[in-house]
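Please read the structure below before turning to the comments.
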Amino acid sequence: MSQSPRIAVVGAGLGGAAAAKLLLQEGFNVRVYEQAPSFSRLGAGIHVGPNVMKILRRIGIEDALNEQGSHPDYWYSRHWQTGDVLAQIPLGDYAVKEYGASYLTVHRGDFHALLVEALPDSVMAYGKFLTKVEDRGNVVVMHFADGTTEEADIVIGPDGVNSRIREELLGPELPKYAGYLAHRAVFPTPEVKAGMLPFDACVKWWSDDRHMMTYFVTGKADELYYVTGVPVEKWDLNDRWLESSKEEMREAFSGWHPTVQALIDATVEVTKWSLLERDPLPLWSRGRLVLLGDACHPMKPHMAQGAAMAIEDGAMLARCLKEVGAHNHELAFALYEANRAERASKVQRISHDNTWLRTNEDPSWCFGYDVFNVPLVEPKVKAAA
């Protein structure tokens with residue numbers, strides 16, 4: 001193992017943790033560098049579709065997540081005012097039969113904990129905030145805020161929308177404000193009935209310019225989560241995360257259905273944050289550096305597939321490194337990008353447009369995807385200058 005190329009994963013988020021575990025399973029020499037001092041239960045709700053559950057099966061945490069999460073029978077889309085059903089997408093047993101795994105909603109922190117717990121303590125290095133990375137041709141040197149340096153043969157950057165690895169590849173560039181704020185809250189399921197409707201296990205309420213997505217985040221259905229998309233023309237990107245309030249929510253969703261009002265009334269704490277995007281990048285790798293997840297294709301959360309794309313990226317990158325060998329990393333990176341860029345860009349575009357499942361449509365291209373069995377596409381050969 002000591003002679004194996006040293007693979008550094010910078011960031012132990014969902015995509016980074018999944019990539020690290022899958023690489024370890026393939027026998028690679030992996031070290032994970034995480035800026036947080038320790039693991040903590042962060043985030044709120046998250047969708048985990050069959051396309052991701054098939055990866056978690058390989059990792060070995062599918063059953064545990066199935067036990068933790070809520071399993072909606074349908075994704076409902078409803079009219080903001082009347083509550084009329086705009087779309088009813090079958091999930092539940094249908095998803096298992098048609099797509100090969102379940103569809104669930106769960107607390108992001110609980111999901112993340114399962115992924116991190118799947119990694120040996122010996123590969124984790126906490127308190128490592130990357131300040132600089134140097135690809136010296138034969139080795140990569142990473143500099144951290146604690147004054148330490150580390151070397152690796154390959155550096156994977158699942159380090160988010162403000163990725164240091166992306167900055168090294170393409171230079172500094174601020175992400176674009178998408179023109180929307182999102183509010184989110186997690187709270188105990190209200191005891192009261194909500195207007196004329198019960199609380200659907202998974203529902204998105206739509207108007208012409210804004211929405212609210214709500215679902216349970218536990219198998220017991222004792223915690224509810226909502227996340228919104230509300231247009232705000234200008235925003236100071238220095239204020240990424242802020243406290244919000246019931247009053248602000250009532251103003252943003254004035255006149256909406258009684259069920260939505262009941263959710264706002266039951267809110268304990270609510271925060272808001274700005275939604276950021278980037279245009280598709282001209283490259284995902286160079287030399288010994290490679291990106292995945294939000295580092296190369298950040299997207300609005302309106303398709304509930306952002307984390308899924310990062311985890312799929314990690315799985316495909318591990319597959320490509322196994323396919324051609326880590327010593328041939330540039331070919332592996334080209335193969336990885338050739339097999340991920342089109343799908344990630346499609347999800348990024350649909351997320352931007354915020355049209356996903358607003359009407360009845362076939363989601364099989366998304367949910368039925370199996371990263372381990374999809375035929376690999378060869379990278380395009382660049383024309384000679």
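Positions of Cβ are set from backbone N, Cα and C atoms, glycine also.
Under the heading active site, proton acceptor, Swiss-Prot lists His47 (among others), citing similarity to another entry as support. Residue density at His47 (active site, proton acceptor): 24 other Cβ atoms are found within 10 A of its Cβ, drawing on all protein chains shown.
Following the DSSP three-state reduction, the secondary structure of Tyr215 (active site, proton acceptor) is strand. Under 8 Å, Cβ to Cβ, and six or more positions away along its own chain, Tyr215 (active site, proton acceptor) finds Gly45, His47, Ser70, Pro72, Thr105, Asp200, Ala201, Cys202, Val203, Leu224, Tyr225. Taken from Swiss-Prot, the feature active site, proton acceptor applies to Tyr215 (among others), supported by similarity to another entry.
Taken from Swiss-Prot, the feature FAD binding site covers Gly15, Glu34, Gln35, His47, Arg108, Leu130, Asp294, Ala307, Ala308.
What Swiss-Prot records for 1-20 is signal peptide, and it gives sequence analysis as the kind of evidence.
Binding residues for FAD (Gly15, Glu34, Gln35, His47, Arg108, Leu130, Asp294, Ala307, Ala308) extend across at most 29 Å, taking the greatest CA-CA distance. Annotation note: His47 (active site, proton acceptor) sits in a strand segment as assigned by DSSP.
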